[in-house]
């Protein structure tokens, strides 16, 4: 079975990774350039664009909004995700598959269609557009991701541990709190981080449902019209990039360590 | 031993009451899933039904006339401006989904068959750029393809061109390139998962029976990985048809897509029924295109075998 891959396959994979990363790397490169237009050769090195960021009141406001929305959306979608993922991995009930399909559906729907249909309902109900309506939309688009992280976390551990706890007289809630929860905490943290990142990055939902309240992507969108504001946007973009990268690396590390722990726990028990 | 088992069953029965175990399990499961289910009903199913209803109504200045009519669909599908936008959106989303799948397949294959111990690292590397802000990734393509952009200044410096070219930005190909980059991870993951499921002994068997590498691939690996290819195709094709940001930023006049028209109906033009009909039409037409592509792909694979 171990036949040598052609030389071209690894080379192609490396090229592909370069294609994925190169465009993103231009953001940090041009964010420390002295010239306001993104152009080679670079004219000089400066941190001026970064220093100007905290002095911008609109930006600080948008950052605060994004933080609020992101935390709320992450908490809410993870909570709803826990209920659904637990029900779907642990219990058999009629309609299990269609319900799962419904929750995962936003993944394969154009985001603009989700956004306008939500907008229509909210306006019909006479609700004011605000950060809260953005949170509702974000929970909808975060749920599929939260569900996939959580279901794989919930499926990963040995059901017999729960049964043992039940046999030893724990109530259903006690078993969940003392056996299940500690095992799935990494998946929950991972889900929180992933949902926060999605909410932080989302533009379309916030654009349609935000009313007058701007989140960071909305703020960036507004700045993109002015060529002179580009370096500031690049600096902000770089910071967001680093932030997302750190959060996701953390999520991945937590998930992987948990995987190992569950595996070794299984070995000890066996 | 028996006593312990009986004991545990007694406890279990006491906990679940007199009801049969199965029925109570179903009830518990349903109760647990219901908050999320209700959320999805109220914020996904209800809005889609409302959009569907609006698409059969008419905007009458500030009020909505609720007489049932297909007029909005007639406008959405036959007015040249909407028809052209819809066609272009379909063409772009088709090109993007085919390009992402074709470019992604060898990478997914490489990771699955030759990734060794570093499979997870490769997958992590591929998903990372996907998690960085969509808006910023689109913007970086603008920086690359623009008049004063990286590509132009690079080509100038190399002496390949004499003056910056405007051919790179503000057209459909710029939209296709940007979207292909943005959706790469979505194509790799499903293909990788289905390649992982391919039973390696089948490939060995084909080799033992005298099939060369190309025939082994066409007759065993490719047909068995089709579920992944199909879900990759769908997961890219359907959402990209409604993309708003990319055409706005890098599409220019010649890269406008249907999302811009939908947004206008819910914004400035304030014609909700027409916006609703445009949304529904887009979904129906792209679903039809997706179904046709899947069918064609299946036929092609059968033929190649």
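Using N, Cα and C of the backbone, Cβ positions are placed for all residues, glycine too.
Caution: TrEMBL annotation is automatic and unverified by curators.
The transmembrane segment annotation in TrEMBL covers B:37-57 (among others).
If you look up TrEMBL, you'll see B:85-108 (among others) marked as transmembrane segment.
Annotated domain 'ABC transmembrane type-1' per TrEMBL: B:86-295, in sequence order.
Per TrEMBL, transmembrane segment is recorded for B:120-136 (among others). Nonlocal intrachain contacts for the transmembrane segment (B:120-136), taken as residues 6+ away from its ends with a CB within less than 8 angstroms of a stretch CB, comprise 107, 111, 182, 184-186, 188-189, 192, 245.
Under the heading transmembrane segment, TrEMBL lists B:143-161 (among others).
Look at TrEMBL and you will find B:173-195 (among others) tagged as transmembrane segment.
Positions annotated as transmembrane segment by TrEMBL: B:216-238 (among others).
If you look up TrEMBL, you'll see B:276-301 (among others) marked as transmembrane segment.
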I'd like to know if the transmembrane segment (B:216-238) touches the transmembrane segment (B:37-57) in this structure, counting it as a touch only when three or more C-beta pairs sit under 8 Å and are separated by 6 or more positions.
no
When you scan the chain for residues with a C-beta under 8 Å from the transmembrane segment (B:276-301), skipping those not six or more beyond its ends, what do you find?
51-55, 72-73, 75-77, 82, 86, 89-90, 93-94, 97, 222-223, 226, 229-230, 233-234, 237-238, 241-242, 258, 261-262, 265
Using a Cβ-Cβ cut-off of under 8 Å, list the residues of the same chain that are 6+ residues beyond the ends of the transmembrane segment (B:85-108) and lie near it.
76-77, 126, 172, 175-176, 179-180, 183-184, 186-188, 191-192, 195, 228-229, 232-234, 236-238, 240-243, 255-261, 278, 281-282, 285-286, 289, 293
